[in-house]
Amino acid sequence: MPPSIPVPSIVTRAIPSLARAASTTTKSTPSKEHHVHSYSPEVLPLGYAVASTHASIKKKTGALDLGILVSTTDKPASAAACLTRNVFKAAPVTVTTQLLQSGGGRARGFIVNSGCANAVTGKKGLEDAWEMSNTVTSQLPPGQRGIGTLVMSTGVIGQPLPISSIISKIPELVRSLDDSPKSWLDLSKSFMTTDTFPKLRAKSFRLGERLVRIAGIDKGAGMIAPSMGPPQPPHATLLGVIATDAAISPPALQSALNYAVDRSFNNITVDGDMSTNDSIICLANGAAGKLETQGRETAEGMEEITEDGHPEEYKVFREELRSFAEELAQLVVRDGEGATKFVTIRVKNAPSYETAQAVAKSIANSSLFKTAMYGEDANWGRILCAVGYTPTAQAIIPNHVSVSFIPSANVSDPTPLRLLTNGEPEANIDEDRASVILAEEDLEVEVDLGDGHEEAKVWTCDFSHEYVTINGSYRS
C-alpha cells in the first residue's frame, strides 16, 4: 500500500477590519408620493386632448396600460424626437422614425403602451406598431387624418403585443379624449411599469408677447442609462413626451430638443443599462394666443419660431425646454428601482464639456460607488477609481484633481467636505461629518479636474438590496 499522505490542517485567515464597519441593516425605500403633482387647467397646454385605458397588457386588472395624446389644432403639430442608439431598436422606435421622416417633422399625436416593449419581436412586431399608429389615425375626425400618429412602448423585451386587445380599445380611447387635469394624470399612469409614482409636470412661461404652456410626462425606474439622438439616422426603459402650445418650426424644435436631452435625459443613470425603447417625443402645436396689454389672450395664430429668424425667442424656448427636461429626467432617478438616495455628480473645471460629462457618467455608473452611497460609506477611492478609467481619462491630470462631498440644504454646516486636494488625500477627514452628509436622501459629489472651465452634471441613485429583488423577479 502506498504510504499515507498527511492531510494539511486548514488555515483560517483573519480578515482585516475595515475603517468603517459595514451595516447589515436593510433600509426601506423612502415614499415617493410627494413627487406626484396635479395641475389646474390653466397651466396645461392648449389644443391637446388625452385619454387612457386598460387593454390587458399589464397583468393587474384595471391597470392603465394604453394611452393617446392628440393635437386638436387644424394643422398637425411640429414634432421632434430623440431615440435610443441601442442597435436592437424596438419596433415603435423604427415606426416613429419613419413617420417623422415621411411627415416632414410633423405629427398629429402619439399612442403609448406599457407592459410590453414590442422589442426584438421581428416582422410581426413591426406590423403591430404600424397597426397601432394607423388605427389611431383612422379613428380621428377627417380633418385630422392627414399625418401619422407616433408610437411608444415599454415593458418586457421579446414578447409579442396582445395586439387584438390593443386595437379593440382604440375607438374607445378616441371617443373619450378630453383635456381635463385628471385625464393628463391618468395618461401619465399609462406609461408606468416598475415606476412607483406617475411623473407629470407642467408650467407656463413668456415667449415674446405670448404666454406659452408646456406639459411633460415620463416614465422610468430601471434599465436607465439613455443615450438618445435625433431620428436621422435612425438610431424597463425611459419614455417621455413633452407637449407645448408654442409655435416653433420642426427643425428648430428638433435642434432645441437635441440640446435639452443631451443636458438632461442623457445625463441620468440608474443602472447603466441602455434600453431598446428609449424615446423622448416633443410636440409643439402653436395654439398659444397673443397677450393683449390687459393680459388677456387673443386667438391670433402664432408665427413659427425658427433658429435663424427668431434667435432670441429660440434661445428662450431652448433654455425653458432644457430646464423642464432636467426636472422630468430627475424624477426618473428619484424613482430608481429600490433607490434610497438621489445623487448629483458635478464635474467642474474640465477641459471640455464632453470630458466633464464622461467623468461624471463614469462615477454615476460605478456599482461600487453606488453601493457605497447606499451604505453611507465615505469611500472616496471608488470615486477616484471611476475617474481614472473614464474613456477620456487621457485628458485628466491626476495631481490637479480634487474631490468633495457637498452637504444638502438640510445639513446645518454647508461647508464642502474635502476628501482629496490636487491628487493628495486629506490627512484628517471628519468621518462623523461625512456620515451626517451621507445620511441625507439628496447627496452631491463634486470633482474638480483643475484643468479648464467646462462643467457637467449627471444624476444617479444608489444600489440597494431591493434593486436586486425587483430585477430578479421582473417577469413574475
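The backbone N, Cα and C atoms fix where each Cβ goes, glycine too.
Per Swiss-Prot, the feature substrate binding site maps to Thr193, Lys219, Thr237, Glu337, Asn471, Ser476. The annotation active site, nucleophile is assigned in Swiss-Prot to Thr237.
Among the listed binding-site residues, namely Thr193, Asn471, the Cβ with the most fellow Cβ atoms inside 10 Å is that of Thr193. Following the DSSP three-state reduction, the secondary structure of Lys219 (substrate binding site) is strand. Summarising the environment of Glu337 (substrate binding site), the number of other Cβ atoms within 10 Å of its Cβ, over all protein chains shown, is 26. With a 10 A radius on its CB, Lys219 (substrate binding site) counts 27 other CB atoms from all the protein chains.
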